[in-house]
Amino acid sequence: MNPQQESDFDSGALKPYYGKLFPFADMFKWMSYGHDGKHPGCDQSYFGRREFSFTLKGDFYLRFQSYNNVLELENSIKDKCPLKIDIGPVYTVDPAKRHAYAQSDNSVFTPVERELIFDIDMTDYDDIRYCCKGADVCLDCWPLMTVAIKVIDTSLRDEFGFKHILWVYSGRRGVHCWVCDGKARRLTNEQRSAIAEYYRVYKGNENSHKKVSLTGGALHPFLATSYTNVLKDYFEKKLLTNQNLLATEERYEKILSMIPDESIASELRGRWQDNRRSTSAKEDINVVRWEQCKQLLQSGKHKAQGLRRCVEEIVFSYTYPRLDMEVSKHMNHLLKAPFCVHPKTGRVCVPIDPNRCDEFDPTTVPTLFQILEELNNEGLRADVNGAEWSGTSLGNAVRLFRSSFLEPLQKACKEEIERSYNLKLQQSKNSIGW
Amino acid sequence: MEIVRPHSHRNLFSSNDAAPAPTIPLYRSAPPLEVRLEDFESFAIDRLRVLKGISDGLSRGKKPDEMEKLVSELWKVNMRHQHASEVLNKDIISHFVLRLVYCRTEDLRKWFLSMECALFRYRFRFLTTEAQRAIMDEFDITCKAVNIMEFESIKEKLGQVARSMGQPLPTGDAIFYKVPFEDVPELVAGRRVLLSQGYAYVAMNQVVSLVATLFRSQLSKTLILTNSVYICCRKWTSSIREQEKHRLTPIVEALCSSYLGPDFSQPKEYAEISLKDIDQLAKTSFPLCMRHQFDKLKEDHHLKHGGRMQLGLFLKGVGLNLDDALAFWRAEFSKKVGLEKFEKEYAYTIRHNYGKEGKRTDYTPYSCYKIISSTPGAGDHHGCPYRHFSEENLRAALSRMGVNSRATEDVMNKVRNRHYQLACTLTFEALHGVPCDAGINHPNQYFSDSQKILHPKKDSST
Ligand code: SF4
Ligand SMILES: [Zn+2]
């Protein structure tokens, strides 16, 4: 975004975005989890106990906003025109009225439901990407995010049994994940921590030796499947060459330092230092060197020494997802809402289809200005559905949100409400009978 | 507390006078027993000795097998009774007395809960298979055994899990239990179970972890219902003779404070410190864990969540008031993330620590036990350096503090034996040239002991 656009963004581009395009109804349906229906089992207070937070122009930060219905939500957002919308947990009571309850017992105002969330940010990979640093991303490093989505999404579904998972582009350099199944929303902090830990392979902290350490006689099935189905291929076919991981001395030394056997490391170092020219020009130097490295580490004579695991450790170090653990561990962490616009890039936080995450390209995600322009070009051609966004590139994003996430979620929520209502009926009948 | 179910009686009390086979009561209901006031107090103190011993063992970083030995010793020494038939009653009564004492504040509850669970866990290991089964039945676990067909279909993966932990492959007659993954957070966190479609497959030798979680959540629920605990216990203690009742309150009060050390949650008036002194105080009187984070904060202008909590609550404990605390964190963080981001993302936690936002609990500074058992990850600087630093880094940190090389060797020796708090005590002694007989149990105690030595006259004013 150029400086001119940036100031436009502040001064007014968000107004028409919230005014005509932002999918309020979809957000409301999502956050209601079926309680917006007419069924007697619906909890009408549910949506109103959810915390929203806004970052406003001039750096005001509003926490503990809450709304009883979609109209209130819509009016408030249109009115305040926040640069960023964050979503917090569902509390025991309406968060806006928390002070009224605070007098009595401090356990009255406390979070009771919260999606299980994950935040993966490219800056956490800065030590293993050489294409860009910090806030930038490009197509050479984005595969790291693709790997993260594949590994975590598969495990959440197959191992933890979750079904309603939403992946969202964070607008700049990462992805967010929202796990929305009822049982995910009701996890305790301890259970959330356990899941986050399950995904952690890095041991150590800033003040001891930090590294991937895979011990034991075999890899846990989760790590083994992730390795064979995702990590290995992405490492060998994409990241190795994209990032030129073995092309220069500085870079290959980093990998050599991960080999515990000094004699193998120095043998490789020797070969790589003086045979640059002998490698044929048409083969990529990274690929050639990786083959040599693997061959030496996996050759028969080293098998017994546990060095085979070293190949896997290298691959894990350069590909395995790095989660911001704190975000996932606590119920009351806030996370940016989907469909927000990133104030620095102007890009919309659009959903990502995990089944087609390979095709996702962060550099072509629609920006606010692009969408507004499309809207202008559309002119006054009224849409049959009445939705202004449907003719813009935001349309695809909203349609994906509905078809792959919202509709199946709503169906499941209605069934769950029905089920627990019937159960309660049954119980009260029984107790009368007795 | 729940109504006593007739069949759980069978487990809790043995009617005949012969020594009952050892079992662990599940403490589901207060005992309908006459309790003598003397027993009330002495049983509770005996049990506290056990819990305190466990707490010390854990904070020294003892390994599971060492803990097992320790717990069995502690139990044998403290929880016996001259009448074998009374052992079980002593167990139950002492538990309920401590519940009454420890249900009063969030921190006491937490401590009690984790120590009781640790105790339960080690005791469970000593039980006979039948006794273990009886407890598993109480928690409805036995019926969740995996059948042969299912076992065959996942055998290979179960083997993979076993090998990943360096354990032998499960044999054909191995029993696995299929339970919701939510019930075994500890096994999930350690990647020690196979997960599939929301279920965890728990091996027989891991059942202790499952039972302990269920025990914990049962106990935790009853502790949270503070009022009902009070009511229930009051009803129960009404069996104590009327004229002795007035003696009960002081006993409970004494029990409560005697074993947990002084309360650091409320800064003492005289200990109020001001922002301008803080750099100096960090040099002279902060324990290494706080000193390290303080230096890192000044260097990076940032600390991750765990560090902000640990250092922030410590500073609150030494007497930095909310406004100064905000100014302190703002000065550093704004250099890195800017003022705006500080105000909207970080200021909240600081106010929160002082109980001004969100849940209105007044957070207490972390004890050594809590810090030592934390698990700092990548980018984190919190934790206890004696426990969490590599040897190299610890040596460097000690020399920056000004510990001489001979003292450093003594410290490293303690560290190697995993006596982290003793290592910290030696550091304190080396830097202050004065013995610290009580040992270091709390970073705020380190601070106040240090201040007492450096400014003896201030102390007499209190
Ligand atoms: S022993 Fe306690 S005070 Fe000393 S460094 Fe460790 S946690 Fe801090
Ligand atoms: Zn890049």
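Going from the start of the chain as shown, residues are counted 1 onward.
Using N, Cα and C of the backbone, Cβ positions are placed for all residues, glycine too.
Straight from TrEMBL, the features:
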DOMAIN    B:279-447  domain 'DNA primase large subunit C-terminal'
BINDING   B:C289, B:C368, B:C384, B:C424  [4Fe-4S] cluster binding site
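Annotated features, which come from TrEMBL, shown on the structure.
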residue: B:C289; record: [4Fe-4S] cluster binding site; DSSP class: helix
residue: B:C368; record: [4Fe-4S] cluster binding site; DSSP class: helix
residue: B:C384; record: [4Fe-4S] cluster binding site; DSSP class: coil
residue: B:C424; record: [4Fe-4S] cluster binding site; DSSP class: helix
Neighbours of the [4Fe-4S] cluster site B:C289, B:C368, B:C384, B:C424: Cβ within 8 Å of the Cβ centroid, same chain, sequence order.
B:P287, B:L288, B:I371, B:I372, B:P385, B:Y386, B:R387, B:Y420, B:Q421, B:I440, B:P443
Around the C-beta of B:C289 ([4Fe-4S] cluster binding site), how many further C-beta atoms are within 10 angstroms, looking at every protein chain?
30
In sequence order, which residues at least six apart in the same chain have a CB under 8 Å from the CB of B:C384 ([4Fe-4S] cluster binding site)?
B:C289, B:C368, B:I371, B:I372, B:S374, B:Y420, B:C424
So which one is it: of the binding-site residues B:C368, B:C424, which has the fewest other Cβ atoms within 10 Å?
B:C368
